[in-house]
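> Next up is a structure, given as structure tokens.
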Amino acid sequence: MPLMSQARSLGKYFLLLDNMLVVLGFFVVFPLISIRFVDDLGWAALLVGIALGLRQFIQQGLGIFGGAIADRFGAKPMIITGMLLRASGFVFMAIADEPWLLWLSCALSGLGGTLFDPPRTALVIKLIRPQERGRFYSLLMMQDSAGAVIGALIGSWLLQYDFEIVCWTGAVIFVLAAALNAWLLPAYRISTVKTPILEGLTRVIRDRRFLMYVLTLTGYYMLAVQVLLMLPIMVNEIAGTPSAVKWMYAIEAALSLTLLYPIARWSEKRFRLEQRLMAGLFIMSVSMFPIGMTTELQTLLMLICLFYIGSIIAEPARETLSASLADARARGSYMGFSRLGLALGGAIGYSGGGWLFDTGHALNQPELPWFMLGTIGFLTLAALYWQFNQRRIEPAMLGGH
């Protein structure tokens, strides 16, 4: 077997193992943050939303710098350092009894993600052939869903003993992931050339089409991040027990494991990437409107099911579309910048969603945040339609050295 083919084959298995640990470590802790601090300790949802939004904004908003540094120095040192930083964030979260401590822990967690996320994404592009990426992203999403359920189940079980144990468990998993990367990951260069940091940044910023696409996705992410904030709070409120949150993630896992790969295989032969992205976003947006008026757990879970179906359709297409638009000479920079929409959408979605949730309850209008989210989804859909109705999707190749 040629050396590159062997590297690709082994690389797939390593990427899947690494991804499983990262997803597991994240979902042991993060789905329980809103339950712990809002429902158990009685903090305002806005305070917790700021913490979650801060993590999202730091991780994704600074991702272009993490990606540019990885373009220059390689993936391995950035990934290991980032994972250890996230572990330290979870340690601080274990002792958080004031908002500033929670914010600090989320900031450290986000900074860790800034360092390890772009090079990990760029490794997928490097090791997976273009014609196989859509299916591989679907496999990663299926794994994400299974890992989310297993992580949430472990976290929910540990929460009955102590939230500190939950956080320490997440920290140990990320230390293990860092050790695995230190031991097994070769010193890959993730770009086709050793791009200087400023050149990689400049190349992305000059790509107006990619810039517009990334910023448009802000609205998409404002909906997507509610899986970690308002949806768990809503499930807990209606069910009356935090243990019900695991059913939300069980639904996601069941749908992903049964539908995600078949839908991706079927749709990639019949529809363009942007059409699949917009169809998924449409379903996600429609599911938002009735949630605030729901009083039965069964109805809420059905709406969450609809939301997840939209996500299953949209997410592989979004990831593949981002990869197809990236310039191979600065993959890390492109993949880092592609997270800017998630940074903005996450920051606004978490803090704005938390504020709207508190305001809706204070005004006795619990449907307010969900109506606003649905509206934002449709506005984003219109922007995507306008953008892709007049542009062909090809990788950017800009001049310069």
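Heads up, the Cβ atoms here are built off N, Cα and C, so glycines get one too.
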> Quick check on the annotations: Swiss-Prot lists transmembrane segment for one of 193-213, 340-360. Which range is it?
340-360
> Pairs of Cβ atoms less than 8 Å apart decide it: which stretch in 99-116, 165-185, 273-293, 297-317, 340-360 has the most with the transmembrane segment (214-234)?
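Ranked by Cβ pairs under 8 Å, first place goes to 340-360.
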> Counting only residues 6+ away from its ends, which parts of the chain sit with a Cβ under 8 Å from the transmembrane segment (165-185)?
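That would be 14, 17-18, 21-22, 24-26, 28-29, 32, 75-76, 79-80, 83-84, 86-88, 90-91, 93-94, 112, 154-155, 158-159.
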> Could you check whether the transmembrane segment (368-388) packs against the transmembrane segment (273-293) - three or more CB pairs closer than 8 Å, residues at least 6 apart in sequence?
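Between the transmembrane segment (273-293) and the transmembrane segment (368-388), which are separate recorded stretches, there is contact, as judged by 3 or more close Cβ pairs.
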> Between the transmembrane segment (139-159) and the transmembrane segment (340-360), are there three or more C-beta pairs closer than 8 Å, counting only pairs 6 or more apart along the chain?
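Contact between the transmembrane segment (340-360) and the transmembrane segment (139-159): absent, because fewer than 3 Cβ pairs are under 8 Å.
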